[in-house]
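**Q** Below you'll find the structure I mean.
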Amino acid sequence: MMEPAAKQKVIYITYLIAALDITWLFLQFSITPYLARRLGFDTIWFGYLQTTVGVIQLLGGPIYGRFADVFGARAALSVSCLASVVYFLLLTVADNTFMLFVHKLPAVFMHGLPGAQMVVADLSENEKRADALGKLGLCFGIGMIAGSSLGGTLSTRFGEKFAASFAAVGSFVSLLLVLNFIPKQTKIQTMPESNKKGSSNSVFNVGEITRLMKFPGVAKTFTVKIISGLPAGIFQVMFSIIAMNFFQLKAEQNGYLMAYFGIVQMVIQGAVIGRLTSRFSEYSLLLLSVGISSLVGLAQAMMTNVFHFCLIVIPMMFSLSVFNVITDSMLTKSVSPSETGTMLGLCASVQSLLRTVGPTFGGFLYETYAHITWCTESLNLTHQHDYEK
């Protein structure tokens, strides 16, 4: 058994590792859309690229979670960091369409944030789990700010290859932190109860993964997580295209806007969620987040400029943060401590599913309806000009 002080130290180191992982991820978000456009990608093809990542991580998420339950969180985080190094090295040589798709393949093992969630879930008490997982969102905000700012600045001043190389070195630093500070095993039980009774201990045991869906309340929570998360998922994966085409932002400006998102998320995750979870039930907070998300969707349909969007971001980040933290907390409490890794892997797959469906569907909607909007505005301006003449 680990002492409480030792547990807290590991949790703090895990927060640092998560912040670094998100930093390199958002640095890549500041590179890929502009690199794809330079290689001749239109919105639909960029959607295919994002869908490829979603499919790869959709397949890898549950297996990654099962791997963590069987071999420990340190091994799982090490694999994720090593995959990130390869991912960014491939990005540095992605100078054609084929290589831009190939460099996405290591993403099957890139689950740094779920890996960090596994460590935090293992080392935190049930009643404090939502707050502890919420603090990971604070790390997400820090990483979003640092990564977006770094990515935009480095790619603008030194080029995409230098920015990708910088992220590869950073991922290697994350790997060293994992190997030196994360214990080999963070669970009280090292193996699921079902395995102790003689079932297969294989990472690829699909039955052990799908069995968790039969636990009380799990299937319902997953259904809510998928349906309620789809609109936000579509908007998130299409945001880089919206920033370029609708808001006409350059790479550096896009980085600053993403940094603003990060600041908002930091405040919400660090100062708001913990207080809410200590005062209100998880079910009430879940209803609140879904209700606010619906209002945000209506507001997004009426926004016309960046300033409007910056106002909308505040309730949007609140609803997303509360929704993700509460559903993850509810799901991990639904299973035994020895199976929280697999459950968090399934949670990660929900996000991957949204990224799988979102880009293609979002690309189709954007190409179809944004084009209609632009044509209508152009026609209105032409008529107005003719009338003035």
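Here the Cβ of each residue, glycine as well, is placed from N, Cα and C on the backbone.
In case it helps, TrEMBL gives these features for our protein:
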DOMAIN    7-389  domain 'Major facilitator superfamily (MFS) profile'
TRANSMEM  12-31  transmembrane segment
TRANSMEM  43-64  transmembrane segment
TRANSMEM  76-94  transmembrane segment
TRANSMEM  132-150  transmembrane segment
TRANSMEM  162-182  transmembrane segment
TRANSMEM  222-244  transmembrane segment
TRANSMEM  256-276  transmembrane segment
TRANSMEM  283-300  transmembrane segment
TRANSMEM  306-326  transmembrane segment
**Q** Counting only residues 6 or more past its boundaries, what in the same chain has a CB within less than 8 Å of a CB in the transmembrane segment (132-150)?
**A** 11, 15-16, 18-30, 113, 116-117, 120-121, 124, 163, 166, 254-259, 261-270, 273-274, 277, 321, 324-325, 328-329
**Q** Across the whole of the domain 'Major facilitator superfamily (MFS) profile' (7-389), what does the mean pLDDT come to? Round it, please.
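**A** 77, rounded to a whole number.
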**Q** Give me the stretch from 12-31, 76-94, 162-182, 256-276, 283-300 with the greatest number of Cβ pairs under 8 Å to the transmembrane segment (306-326).
**A** 283-300
**Q** May I ask for the residues of the chain that lie six or more residues beyond the transmembrane segment (162-182) and have a Cβ under 8 Å from a Cβ within it?
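**A** Those are 10, 13-14, 16-17, 20-21, 23-24, 27-28, 30-31, 73-74, 77-78, 81-82, 84-85, 87-89, 91-92, 112, 119, 150-151, 154-155, in sequence order.
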**Q** Which range wins on Cβ pairs under 8 Å with the transmembrane segment (76-94): 12-31, 43-64, 256-276, 283-300?
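**A** Against the transmembrane segment (76-94), the leading stretch is 12-31.
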**Q** Take a look at 43-64, 256-276, 283-300 and tell me which one has the most Cβ pairs under 8 Å to the transmembrane segment (12-31).
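**A** Stretch with the highest Cβ contact count: 256-276.
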**Q** What parts of the chain pack near the transmembrane segment (283-300), using Cβ distances under 8 Å and only residues at least 6 beyond its ends?
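**A** Counting only partners 6 or more residues beyond its ends, the transmembrane segment (283-300) has Cβ contacts under 8 Å with 224, 228, 231-232, 235, 276-277, 309, 312, 315-316, 318-320, 322-323, 326-327, 330.
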